[in-house]
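Enquirer: This is the structure I have questions about; it appears just below.
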Amino acid sequence: MGRKLDPTRKEKRGPGRKARKQRGAEVELARFLPPEPESGRKKLSSHGRKRAAKRRLGAGSAPAGRKPLGGGRESVAGQTAHGQSGISDGNSKQLALVKAKKILSKGNNVELSSDGEVEEAIWEMEEEEEDGSSEDMVDDYGASSSGEEELLPIERAALKQKSDRGGLSEDDSEEEEEEEAVEEASRQKMGQKEEETDLQLNLDVDEPFKLPTNEQIEREDILFISEPPDLHIIHQRIKGNMEVLQDFAVKREEGRTRQEYLALLRRDMAAYYSYSDFLLMKLMDIFPLPELINFLEANEVPRPVTIRTNTLKTRRRDLAQALINRGVNLDPLGKWSKTGLVIYDSSVPIGATPEYLAGHYMLQGASSLLPVMALAPQENEHILDMCCAPGGKTSYIAQLMKNTGMILANDSNAERLRSVVGNLHRLGVTNAVVSNCDGRQFPKVLGGFDRVLLDAPCSGTGVISKDPAVKTNKDEKDILRCAHLQKELILSAIDSVNAASETGGYIVYCTCSIMVEENEWVVDYALKKRNVRLVATGLDFGKEGFTRFKDRRFHPSLKSTRRFYPHTHNMDGFFIAKFKKFSNAIPQAQKEAAALSTVPDTVTEPQPKKKKLEGSKIDQEQKPPQPALKKRRSLQAQRRPLK
């Protein structure tokens, strides 16, 4: 893996991005740059540069404290023997003549009066010699001894850029070639390693999945007790098992049944996702295997935070702008909702903003908006919310009714009613009456409602992301207990509705569960027990309810019910069904009345045996009482006090 470069075919590197932006600097700096060094010039060593510097300093300080420069062993002419710039023999002669003239003119006063003039003459001659010399001296810092100024950093960069464009030197090119060769070797090694890992992965993938033996499973069970399971191995085994089950006829092992693969898959899922074996069996009956994995993965991720705008006090546009100004990142919930907003992140707590305290919005899940939309309450109606806590659906109903009509908000738990009262006051709901009654006895308390909303208590298998304890604390008894309570509540809800209502006569049944026993089974039971029929919910999305499940067969109209899942709709699992009541009579009472009316027609004449039996019973009843009974009655009459 990786790029394979040929070091022989090396392309010259051009200037960088910043250098390309400063092309105009080259023209300006060309006037200040030193000329290119001559190829034949010989560079001095560090000691040579030091000695040359000492000689220059000595030449400048000699006139003040040394003998005249005319002749001697340490004359300036000795510097020219080494090939360096300095004062020649001719110059020394001229300086000697100047000194002789000054000595003759000033009375042989050599030491005092001739110092300054001799020094000036020496420096003038040095400058003339430096200007006319063909060789330059290099100092300790690598700079030439010419009168040019030291280069600035930007000038050095421009010089380097110019040399890069003109071509690299042999030393630099060799160094770069060595570096690129090392990089190429390292790339080849990395490529070989990646190819080996890829081959290893391919081998792991291409290996067929094999079921572990019973001994291996027992060994893993023992290890699970002492150490936590290796989730990576379990995840790989789940993936391999799923591939085999999707193409079981081709990829299965000989002598292995599908039940063995399913048992291993259920065991691995229970260990990987922390579900009980009972709940996984129920979920495997509801979902296909690929969809089951998506459902389990979606339950590990929390649902997005959603709020509902209270249109009794504000508009969604104004609320969104106010929250955006407070640092909230939000969007409309969807085309299906005109009041919902989804919150992505916020710099302030959503449940403590001034807008929340003023009742401009309600923290409410997206799935909780759907039952009220299906109920479609109208203004000036009488509506019953049988299980109303914590008051989100009740306030939404009041919002759609524009605080007209009457809403009876009922709940059997008095503690939960406190939150209902607080939310209704905060949101400005004025048409609600709160009651604490058992919903199963409600038709006897009050009836004749136009619409009823029943959000029945359930097992909570649709909100596992909010309550992970549902994964392990539910069993068959809990599901059946909830289903029995739901059947009683739905019958009482149907009985509380007036079928003769001009605008209503509707019942909406919903749960936050995905179990068939709590949804389709309860709805089918209500269709058999009461004069109701299923109608469309009015929701454009959602999956249809089951009409057949395992060995059960439900009414075909259950297709109009709707199911919502977290992995498909990104909201809590929910079930919604909408009934229309077309008669207030109870079917069972009609059957009993029909049976009583048909009894006289079928029995024309009683049989003689029955006459004798009836006659004997009448004779026994009309016989006079015995004497012992007479005495007891007379004694009891005597004991009674007189009034």
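Just so you know, glycine gets a Cβ as well, placed from its N, Cα and C.
According to TrEMBL, the record shows the following:
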- Cys512: active site, nucleophile (ACT_SITE)
- Cys387, Cys388, Ala389, Pro390, Gly391, Gly392, Lys393, Asp411, Asp438, Asp455: S-adenosyl-L-methionine binding site (BINDING)
- 10-22: compositional bias 'Basic residues' (COMPBIAS)
- 42-57: compositional bias 'Basic residues' (COMPBIAS)
- 77-94: compositional bias 'Polar residues' (COMPBIAS)
- 114-139: compositional bias 'Acidic residues' (COMPBIAS)
- 157-168: compositional bias 'Basic and acidic residues' (COMPBIAS)
- 169-183: compositional bias 'Acidic residues' (COMPBIAS)
- 184-194: compositional bias 'Basic and acidic residues' (COMPBIAS)
- 613-622: compositional bias 'Basic and acidic residues' (COMPBIAS)
- 629-643: compositional bias 'Basic residues' (COMPBIAS)
- 295-582: domain 'SAM-dependent MTase RsmB/NOP-type' (DOMAIN)
- 1-201: region 'Disordered' (REGION)
- 593-643: region 'Disordered' (REGION)
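Surface or core, plus neighbours and distances: that's what I need for these features.
Expert: Taking Cβ-Cβ distances under 8 Å and a sequence separation of 6 or more, the neighbours of Cys512 (active site, nucleophile) in its chain are Ser367, Cys458, Gly460, Gly462, Val463, Asp572, Gly573, Phe574.
Under a cutoff of 8 A between CB atoms, and with a sequence separation of 6+ in the same chain, the neighbours of Lys393 (S-adenosyl-L-methionine binding site) are Ser368, Pro371, Val372, Asp385, Leu453, Asp455.
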Enquirer: Rounding to the nearest whole angstrom, report the longest C-alpha distance spanning Cys387, Cys388, Ala389, Pro390, Gly391, Gly392, Lys393, Asp411, Asp438, Asp455, listed for S-adenosyl-L-methionine.
Expert: 20
Enquirer: Count the Cβ atoms, other than its own, that fall within 10 Å of the Cβ of Cys387 (S-adenosyl-L-methionine binding site), considering every protein chain shown.
Expert: 20
Enquirer: Give me the count of other Cβ atoms within 10 A of the Cβ belonging to Gly391 (S-adenosyl-L-methionine binding site).
Expert: 28
Enquirer: Show which residues of the chain containing Asp438 (S-adenosyl-L-methionine binding site), separated from it by at least 6 in sequence, have their CB under 8 Å from its CB.
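Expert: Long-range Cβ contacts: Ser412.
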Enquirer: Which whole-number mean pLDDT does the model give the domain 'SAM-dependent MTase RsmB/NOP-type' (295-582)?
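Expert: When the pLDDT values over the domain 'SAM-dependent MTase RsmB/NOP-type' (295-582) are averaged, the result is 94.
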